Amino acid sequence: MHTGGETSACKPSSVRLAPSFSFHAAGLQMAAQMPHSHQYSDRRQPNISDQQVSALSYSDQIQQPLTNQVMPDIVMLQRRMPQTFRDPATAPLRKLSVDLIKTYKHINEVYYAKKKRRHQQGQGDDSSHKKERKVYNDGYDDDNYDYIVKNGEKWMDRYEIDSLIGKGSFGQVVKAYDRVEQEWVAIKIIKNKKAFLNQAQIEVRLLELMNKHDTEMKYYIVHLKRHFMFRNHLCLVFEMLSYNLYDLLRNTNFRGVSLNLTRKFAQQMCTALLFLATPELSIIHCDLKPENILLCNPKRSAIKIVDFGSSCQLGQRIYQYIQSRFYRSPEVLLGMPYDLAIDMWSLGCILVEMHTGEPLFSGANEVDQMNKIVEVLGIPPAHILDQAPKARKFFEKLPDGTWSLKKTKDGKREYKPPGTRKLHNILGVETGGPGGRRAGESGHTVADYLKFKDLILRMLDYDPKTRIQPYYALQHSFFKKTADEGTNTSNSVSTSPAMEQSQSSGTTSSTSSSSGGSSGTSNSGRARSDPTHQHRHSGGHFAAAVQAMDCETHSPQVRQQFPAPLGWSGTEAPTQVTVETHPVQETTFHVAPQQNALHHHHGNSSHHHHHHHHHHHHHGQQALGNRTRPRVYNSPTNSSSTQDSMEVGHSHHSMTSLSSSTTSSSTSSSSTGNQGNQAYQNRPVAANTLDFGQNGAMDVNLTVYSNPRQETGIAGHPTYQFSANTGPAHYMTEGHLTMRQGADREESPMTGVCVQQSPVASS
C-alpha cells in the first residue's frame, strides 16, 4: 500500500478512474439529470489527482473496475426509457378490442376515400393525374386485362358500342349495332391475356364447327356470326338473344313455369344434345345450367344454348373439375371418366328446377351435393363406386362389400335416409304439382306428371352407360303433341303487377300454306332479326320490343320420312313414329324393334340427306329509327389451355336425327297412337344402350345445308383472318330465318316486362 506522499507508477494523464462505488451512486443521480449525449465516449467523470488515488483503500481500488462496468449499463437503460408515453386510446390492443368497430369504420373511410379519389381522377381531364396511373395496352385496358368499354365508341367503321351488358372471368359482353348488317349484336370481348385467348380460340373452333353443321340454325345452338381481333382483344360477334332461364324463373318468384312450357324447353334441349352427339361433333358442353340457356324472344319458348367456353370434344377431356355444382353429374363428383352423358344429367336437374322453381340438388359443397343426390336417388351402384377414385370422399365400404354414406365432419347437416326424398313428392305427382300450385290446371294431370317423372329418372341414372340418350329421350311419351306456348307465367306470378297488366293481351297467328312458303305472320309484331329481310305480314306493324330478337323459326312446312337406320337385324319391321317438330312440320322416325334396337355397324354406310328449300315473300327494308334496344345475354366462360382437334374414328351406331325447329316439338305415333314409344319403354336398357365412352358418339344422319355465300378454305373450312386494324373477315353468313307459323298462339304476359339480368358468375 502506498503512502500519501508516494505517486503512482502510471502516468497521471493515462488514469481515468471513477470514485468509489458508494460515491458513484450520487454521481449516477447527477448523471441522470444531465442532458443525454449521443456519444457516450464524450461523457467523462471528473479527473482525480494522483494523491487522491493514493489515499484510496485497497478494497476501494478493487471495486473500481466493477463500478466502471456497471455504470454504462445503467446509463444505457436510462437512455432507452421513453420520456413520453403513447395515449392509451391509440394503443393497438385497445384499437383491436374495445374500439374494434371504430377501427373498422376508420379503415372503410380511408379505403372508400381513396377509391372515390381514384374514380374522380379517372373521369377528370387533368392530364397530370392520368400520368400517375399505370397504362395498360396503350391505355385501352384496365389492370384486369379487360378492354375499357366506352359507350358510343365506333369500331372499324362498323360496330357502334352501345353499352356493357355482361362481365365474367372470360372478359366482357357489350351490346353493339352492326352498321353493315343493320342489326343489333352481342360482342364478347375476351381478356387480353394468353390463357383466356387460348380458351376462347377453342370456343371459336367449336362454334364454327357447330354452325357449319347447322347452317339452317335449327338445333338451338347460338350463332357465332364472325370474330376478329381488335386492339389485342379477340372479339366474338353473336346474334342478339333475350334473357336466360334463370331470369325467367326469377320472374316467376321462383314458383316455376308450367309443365307444358317445361316440355317445350326439354324437347329443344334434347334435340340440341342429339345434334352435339353427332360423330362429326361429339361435343360435351360441360356447363349446362339455366344461366346458359337463353330465350330467343321474351314472348316465345324458343331457346338457344350459349357459353361453350368450357366445352370439349370427346377424347379431348383435360379437366376433372367441370360443371356448375348444382348440375354436376355423379361421375364428375366421383372423379371418373366422363362423356356426353354428363350433359343429360344436367338437363334432368334443369327441367325439375324449371317446373318447381328450386334446384333439385342445391349442395353447398361437393360432399353436401352428393348427400343431396343420395337423398333422392339412393346409394350409387357398387360397380360404379368400386371404380371411382373419389368414392371414399363420400362413402365408406362395409365388410360385406356394400357402400354407405360417410358421416359429415361437422355433423350439423342432417340428411334423410338414402332414397327417401322421393322425386314423386318433389314434383307433386298426385298433389297438384309442386306445392299444389298446379292443381286443376290443364296439362297437369297425374298421367302427365308420371310421364315427366319417368323421363327425369331416366336422365338421372347413376350409370352414364344406361342413362337415357337424346335419341330415345325424344321418343319418350312425355313429348306428346302440344300447341306452341310462349313464356306465359301468369299462373306463377300472381304478385307481379307488371305481369298482371299484360295478361289481358293476346294474339293469334296465321298458319302457313302447305306449299312450304311463309305466307303470313302473327299480328303480335314478330319479325326477323335481319331488318333487310322482312317477311310480308298481315298485321300492319311490328312490335319494336322484339323486332331485333326473333330467331325462333328455322324451317318451313315439311313432312320428312327418314329411312330406317342401318344396322338393324331381324325380320321384324321397325315401328314408324311420326315426330311433329314444328306446328307445320312432321318427321317420321323408324323405331327399332325391342330386341334388336341397335347393333354396331361397321363399314361404309351411305347417308341420306333431305334438302328442303325455303321460299320467302319479301317487302321493302324496315326502318330502324324507332327500334327498341332489347337486352342480350351474359356468357361467362372458364379459362383453360388450348386443345387440338381430334377425329373420332370408332365404330358408331347409325341412326337419323330429328329435323327440329325452335317452336314447340311434340311426339305422337302415326300408327300406334299413344303406344308409339313402346319399343323404347320396354327395351332392355343394359344390353342395348350405347356406350359413349367406347364408341365415341352416336352416328346420326343430320341434314346439312350448304351455304352458297360462304367462302371456304382448305378442306372446306371457312376462311377468316385476324386483324387489329381492318374489319373482320366474313366467313359465316346468316342462315335464312323464316317466320314461325302456328295456330292458337297466346300472347305472353312477359311482353314489355323488363327482366333484370342475372349476375355473371365465374364458373
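Backbone N, Cα and C atoms are what each Cβ position is placed from, and that goes for glycine too.
What Swiss-Prot lists as region 'Disordered' is 33-56 (among others).
Residues or ranges marked as compositional bias 'Polar residues' by Swiss-Prot: 46-56 (among others).
Around TYR111 (phosphotyrosine), no same-chain residue six or more apart in sequence has its CB under 8 Å from its CB. DSSP assigns TYR111 (phosphotyrosine) to a helical segment in the three-state reduction. Summarising the annotation, Swiss-Prot assigns phosphotyrosine to TYR111 (among others).
Taken from Swiss-Prot, the feature region 'Disordered' covers 115-136 (among others).
The feature motif 'Bipartite nuclear localization signal' is assigned by Swiss-Prot to 117-134.
Under the heading phosphotyrosine, Swiss-Prot lists TYR140 (among others). Within the same chain, residues at least six positions away from TYR140 (phosphotyrosine) with a Cβ under 8 Å of its Cβ are TYR147, ILE148, ARG231, ASN232.
As annotated by Swiss-Prot, phosphotyrosine applies to TYR145 (among others). Its Cβ placed at the centre, TYR145 (phosphotyrosine) has 18 other Cβ atoms within 10 Å.
Annotation source Swiss-Prot lists phosphotyrosine at TYR159 (among others). Of all Cβ atoms in the shown protein chains, 23 besides its own fall within 10 Å of the Cβ of TYR159 (phosphotyrosine).
Taken from Swiss-Prot, the feature domain 'Protein kinase' applies to 159-479.
Taken from Swiss-Prot, the feature phosphoserine applies to SER310 (among others). In the three-state DSSP scheme, SER310 (phosphoserine) is classed as coil.
Counting every protein chain shown, the Cβ of TYR319 (phosphotyrosine) has 14 other Cβ atoms within 10 Å. What Swiss-Prot records for TYR319 (among others) is phosphotyrosine.
Residues near TYR321 (phosphotyrosine) in space but far in sequence (CB under 8 A, at least 6 apart, same chain): none are found. Secondary structure from DSSP puts TYR321 (phosphotyrosine) in coil. Annotation source Swiss-Prot lists phosphotyrosine at TYR321 (among others), citing experimental evidence.
Secondary structure at THR402 (phosphothreonine), taken from DSSP and collapsed to helix, strand or coil, is coil. As annotated by Swiss-Prot, phosphothreonine applies to THR402.
Annotation comment: Swiss-Prot describes 408-442 (among others) as region 'Disordered'. Taking Cβ pairs closer than 8 Å, the region 'Disordered' (408-442) reaches residues 255-256, 258-259, 352, 355-357, 360, 367-368, 371-372, 374-379, 449-450, 452-453, 456-457, 491-492 in its own chain, all 6 or more past its ends.
What Swiss-Prot lists as compositional bias 'Polar residues' is 485-501 (among others).
The region 'Disordered' annotation in Swiss-Prot covers 485-540 (among others).
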Quick one: average pLDDT across the motif 'Bipartite nuclear localization signal' (117-134), no decimals. 61
By a 10 Å Cβ neighbour count, the lowest-scoring of the modified residues SER310, THR402 is THR402
Pairwise CA distance, TYR319 (phosphotyrosine) versus SER310 (phosphoserine), rounded so that it is a whole Å: 9
Spatially closest candidate among TYR145, TYR159, THR402, the listed modified residues, to SER310 (phosphoserine) (Cα to Cα): TYR145
So, by DSSP, how many helix, strand and coil residues make up the region 'Disordered' (408-442)? 7 helix, 0 strand, 28 coil
Spatial separation of TYR145 (phosphotyrosine) from THR402 (phosphothreonine) - C-alpha basis, Å: 52
